[in-house]
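Here is what TrEMBL records for this protein:
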TRANSMEM  A:61-81  transmembrane segment
TRANSMEM  A:102-123  transmembrane segment
TRANSMEM  A:143-160  transmembrane segment
TRANSMEM  A:172-193  transmembrane segment
TRANSMEM  A:199-218  transmembrane segment
TRANSMEM  A:253-277  transmembrane segment
TRANSMEM  A:297-324  transmembrane segment
TRANSMEM  A:345-365  transmembrane segment
TRANSMEM  A:371-396  transmembrane segment
TRANSMEM  A:403-426  transmembrane segment
TRANSMEM  A:432-449  transmembrane segment
There are 2 protein chains.
Amino acid sequence: MWRYLKRLLIGKPLKTTDEGGQSLTKFKALALLSSDALSSVAYGTEQITAVLVVLSAAATWYAIPAAGIVLVLLFAITMSYRQIIHAYPSGGGAYMVATRNWGTSVGLIAGGSLLVDYMLTVAVSVTSGTEAITSAIPVLREHSVAIAIIIVLFIMTLNLRGMRESASFLTIPVYLFIILLVSMICWGLFNIATGKLSYAAAAPVGSVVPGMSLVLFLKAFSAGSSSLTGVEAISNAVPNFKKPKRKNAANTLAIMAIVLAGFFAGVTFLSYYLGIMPNSKETVLSQIGMSVFGHGIFYYLLQLSTAMILAVAANTGFSAFPILAYNLAKDKFMPHMYMDKGDRLAYSNGIISLAVGAIVLIMIFHGQTSLLIPLYAVGVFVPFTLSQSGMIIHWLRERGRNWILNLMFNFLGAFISLALVIFLFWLHFWNVWPYLLIMPVLIYFFYKIHDHYITVATQLRLRQEANLHQYDGSTVIVLVSSVTHVTTGAINYARSIGDYVIAMHVSFDTNPKKEHETANEFKESFPDVRFVDLHSSYRSVASPVLRFCDVIAKNSAEKNYTTTVLVPQFVPRKPWQNILHNQTSLRLRAVLNSRENIIVATYSYHLKK
Amino acid sequence: MWRYLKRLLIGKPLKTTDEGGQSLTKFKALALLSSDALSSVAYGTEQITAVLVVLSAAATWYAIPAAGIVLVLLFAITMSYRQIIHAYPSGGGAYMVATRNWGTSVGLIAGGSLLVDYMLTVAVSVTSGTEAITSAIPVLREHSVAIAIIIVLFIMTLNLRGMRESASFLTIPVYLFIILLVSMICWGLFNIATGKLSYAAAAPVGSVVPGMSLVLFLKAFSAGSSSLTGVEAISNAVPNFKKPKRKNAANTLAIMAIVLAGFFAGVTFLSYYLGIMPNSKETVLSQIGMSVFGHGIFYYLLQLSTAMILAVAANTGFSAFPILAYNLAKDKFMPHMYMDKGDRLAYSNGIISLAVGAIVLIMIFHGQTSLLIPLYAVGVFVPFTLSQSGMIIHWLRERGRNWILNLMFNFLGAFISLALVIFLFWLHFWNVWPYLLIMPVLIYFFYKIHDHYITVATQLRLRQEANLHQYDGSTVIVLVSSVTHVTTGAINYARSIGDYVIAMHVSFDTNPKKEHETANEFKESFPDVRFVDLHSSYRSVASPVLRFCDVIAKNSAEKNYTTTVLVPQFVPRKPWQNILHNQTSLRLRAVLNSRENIIVATYSYHLKK
């Protein structure tokens with residue numbers, strides 16, 4: 001049944017050769033790779049005003065200069081990522097750029113940050129999307145955690161099916177969002193111009209706000225820097241572009257930056273002009289949409305498209321995480337299972353790990369976007385800093401055409417990213433401290449895993465001739481719990497492989513009569529097989545079995561025999577029925593596997609009914 | 001390491017013979033068996049007033065008559081449980097009484113209700129205990145779910161250690177609570193008499209309350225019936241009493257009922273007189289304690305002892321659930337694993353299941369006692385009804401001395417319990433409906449499991465002579481993923497047990513050069529072993545392996561050979577390292593176990609470093 005369910009949800013297996021290259025046009029690439037960046041409009045402005053409004057409503061005018069600085073940063077970071085596109089046309093993920101230029105340790109910091117960050121991308125996008133839904137339909141608000149989890153599971157399922165073939169439909173929500181946001185901003189500005197929307201700002205730009213300080217301003221601005229997340233996506237995906245790859249990628253990045261800048265500026269201005277205050281019940285974007293469009297179809301379309309583009313943004317995490325995990329696994333820093341491709345050619349383990357991580361984050365933070373964002377921003381800007389600074393080293397080494405200019409751009413990018421990291425740790429420490437805990441643990445495990453794989457490989461390698469050995473025979477111990485059809489089959493089999501067969505039974509019944517029952521039954525059915533009855537004063541079967549098998553194995557070795565322990569079990573017709581049986585044989589096999597010189601075999605008797 | 005941790009938490013294994021009988025004095029029994037009933041004072045009154053206050057503050061005077069009716073019920077139910085003590089001195093759990101008198105199906109309804117109910121006992125007691133703590137220390141309120149979960153895990157650990165030896169210390173919190181509650185009620189009444197506590201009731205008893213209806217009154221009263229939970233505990237534990245068992249048990253029950261009645265009446269009166277209104281931040285008992293004792297040491301002692309007696313009450317669930325699960329498993333209605341005793345003679349699986357169930361309930365209901373209580377009451381009164389009505393049948397059959405009088409008492413008990421069940425379903429339907437969903441599912445599984453065990457037993461039984469068969473030899477297939485020390489060991493072993501050895505490798509590399517590498521390496525090291533290289537177009541190793549092994553097994557069977565598939569694996573030095581390896585061999589073994597005629601053996605190569 002599980003198999004049918006899996007087929008239904010995941011689809012039928014694909015051949016390895018079905019994997020094809022994809023070539024993205026600029027139009028499609030803009031949609032697929034920019035959803036993460038563009039969707040941050042849904043929470044970016046809100047993050048700034050939410051910090052300012054704590055002081056006073058009047059302080060919210062500072063959102064305008066804060067947004068201005070964010071736009072300058074956007075320009076600088078875009079320019080510096082254009083450098084990466086040109087320098088690493090094979091896809092310049094931060095892990096790769098940092099490893100190449102800074103070395104393994106720094107690369108692992110970047111990689112580890114990104115792993116966590118992709119989980120946060122999913123968590124932030126999905127919770128923010130849920131907020132877009134609950135802003136429009138307030139009755140759903142109390143179920144927001146459940147809604148967010150369902151969305152994550154849904155996106156996970158699509159990815160386990162191998163999203164690739166369905167990629168085209170993902171462009172729809174992105175362009176729908178672009179159309180609606182352009183409409184909202186234009187219609188809003190038009191109505192302001194014609195006086196239909198009245199000026200309602202809490203305080204005019206430039207007015208003196210008591211209590212306002214530089215620290216608060218920096219705090220607001222650094223919170224707003226979350227709008228810059230996702231800018232790196234295009235530079236990671238250069239190989240997927242149509243030729244000329246670099247040029248197309250660089251141009252797409254420029255277009256995206258312009259669209260994002262326009263959206264961010266427009267939303268921040270409208271939010272200021274309409275005097276909108278962030279609150280926990282309705283998002284800022286929803287409030288703007290309501291003011292501009294009124295309570296009608298366009299408002300609901302806006303909310304729907306916001307939720308949808310955020311879902312697409314979450315999906316970018318699902319594309320990026322498994323590939324990063326694959327690369328880390330290939331370099332032996334993560335378990336090899338992240339290299340296994342599933343039936344549908346997706347890296348299932350990476351996809352499932354990501355979904356689990358995101359769901360845990362959503363539950364820990366009760367589905368509140370604003371609590372997740374500072375951590376998210378740190379997870380983004382640390383790898384930004386490392387890859388941009390790595391590019392400085394790159395230019396110093398390569399010294400190609402215009403290298404000084406290129407270096408300057410990357411220096412600017414690295415400097416801004418580093419400053420943002422410092423601001424975030426300084427001003428948002430209480431949201432960001434888990435990063436300081438998670439990263440050392442992750443790096444520690446990366447190295448631990450790496451060491452392990454290296455040690456194992458050396459131990460297993462055949463250095464000279466294979467060490468062939470001719471045994472003289474084999475001893476087989478058959479474990480018997482009661483005398484049934486299973487026992488008969490197991491004994492028959494044991495005789496076919498063994499030169500010497502012993503049956504063994506553990507009894508711990510305090511009733512001595514019953515104790516001998518199994519022995520008598522066995523001797524009656526198999527008079528010429530040696531039967532050993534062990535008595536245990538404890539309830540554990542494992543230790544007496546192990547002790548006995550050790551003795552037999554030692555004797556066998558002296559005779560130059562191998563030792564096999566045969567564990568008979570019956571297989572019920574339906575898999576769920578297994579939990580009703582075989583607990584003991586599972587435990588025994590686990591224990592016996594701890595012995596070098598004992599081979600564990602399982603005889604399975606299949607029940608017909 | 002896991003092993004050390006387990007030993008530290010659980011203690012060292014005990015011998016089966018260490019299990020001794022215990023004989024409870026009345027003093028000790030009152031503490032150990034009445035904690036569930038007495039602790040319900042912590043929430044009983046609150047349940048009544050919480051329903052009434054929704055109408056108006058004035059309506060809370062109706063708590064006095066509602067409490068009066070609850071006391072009448074307490075008397076009737078106590079009398080009727082005294083009957084059960086005398087009739088079933090070997091311990092008259094509802095499952096047993098209902099099964100004996102009504103038959104299996106009704107018994108299973110009682111048993112299933114109780115299983116759920118014990119989970120609710122734990123959940124309600126622990127959340128209520130947490131509320132006692134957070135009432136005293138408001139800063140902990142936002143962590144109440146976490147606190148409740150930690151308490152459950154703590155009690156679980158104590159029980160996994162085998163609580164028996166530590167039972168004596170459990171009397172301390174119970175008697176501390178009794179002392180503090182007696183003090184509080186007496187001191188409160190004394191202060192009322194001397195006029196130090198002033199009359200603050202919202203409305204005098206008997207005043208007309210607009211909007212008051214019989215339905216609301218019944219709703220309040222049925223919510224208050226949760227105070228009757230736990231009365232059955234003593235009747236289940238008759239065999240543990242000192243001789244004369246029946247008399248001691250019946251007397252202990254009477255004492256408990258009197259204490260409970262006094263507490264319930266006292267708390268309800270004080271709550272009315274002091275005009276206390278339930279709210280979500282502080283429990284009613286805490287408010288009374290604050291008014292009577294003031295904000296001092298006695299108040300905190302009261303809260304502490306309330307939390308502690310509730311923890312002891314939760315512990316009663318941990319004593320009862322595993323024994324009920326054991327009895328159901330013995331009757332083949334639950335998985336056999338509930339019959340396994342752990343190293344410390346406790347039924348570990350039952351204890352862990354209960355803890356998991358309680359934690360899930362706490363999480364679903366966000367640790368709010370009031371949401372859990374109606375469901376809890378249904379889970380209590382359904383088995384009450386079934387066992388009391390079972391007793392009616394019992395008296396009709398037995399007709400001992402005074403049987404008509406006895407029957408009348410049990411009829412009264414059954415009638416009241418049934419009425420409460422009807423009220424709860426009628427008036428609290430939105431809290432209680434999950435019961436209607438859970439029970440049919442549980443009963444269905446009970447029967448499903450029962451059928452399965454019966455079918456299996458018939459199939460396995462040896463009806464005539466054991467069906468001995470002499471094979472002519474054995475074929476061994478060795479799976480090879482790469483040529484290493486593991487392969488060498490596996491091939492050596494395979495030759496010791498097999499008459500015909502084949503090595504098999506699956507390749508799916510699209511690079512044809514690499515594909516032949518393993519084949520060449522193998523042929524070089526083991527020139528006289530047949531090597532088969534299968535190519536798979538899919539990433540799945542399982543299906544080509546299975547197809548190949550099926551063919552070989554068929555050929556072997558024709559030659560009268562057995563077939564063994566040897567899966568080589570290496571065992572890393574530390575258990576956690578297993579997740580870095582062996583995913584494929586695990587999957588292969590699972591798949592191969594589905595074949596009747598194939599025996600799966602595992603060759604384990606142990607890494608030294």
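Here the Cβ of each residue, glycine as well, is placed from N, Cα and C on the backbone.
Annotations in TrEMBL come from automatic prediction, not curation.
Contact between the transmembrane segment (A:371-396) and the transmembrane segment (A:172-193) does not hold: fewer than three of their C-beta pairs are under 8 Å, each pair 6 or more apart in sequence. With a cut-off of 8 Å between Cβ atoms, the residues of this chain six or more beyond the transmembrane segment (A:102-123) that come close are 36, 93-96, 148, 152, 155, 229-230, 313-314, 316-318, 320-321, 324-325, 327-328, 333, 354-355, 357-358, 361-362, 365, 372, 375-376, 378-380, 382-383, 386-387, 389-390, 393, 435, 438-439, 442-443, 446-447. Between the transmembrane segment (A:253-277) and the transmembrane segment (A:61-81), three or more CB pairs separated by 6 or more residues in sequence fall under 8 Å, so the two stretches touch.
In terms of C-beta pairs under 8 Å, the stretch of A:61-81, A:345-365, A:403-426, A:432-449 lying closest in packing to the transmembrane segment (A:143-160) is A:345-365. Counted as Cβ pairs under 8 Å, contacts with the transmembrane segment (A:345-365) are highest for A:297-324 among A:61-81, A:172-193, A:199-218, A:297-324, A:432-449. Take the transmembrane segment (A:199-218) and the stretches A:61-81, A:172-193, A:297-324, A:403-426: counting Cβ pairs under 8 Å, A:61-81 has the most.
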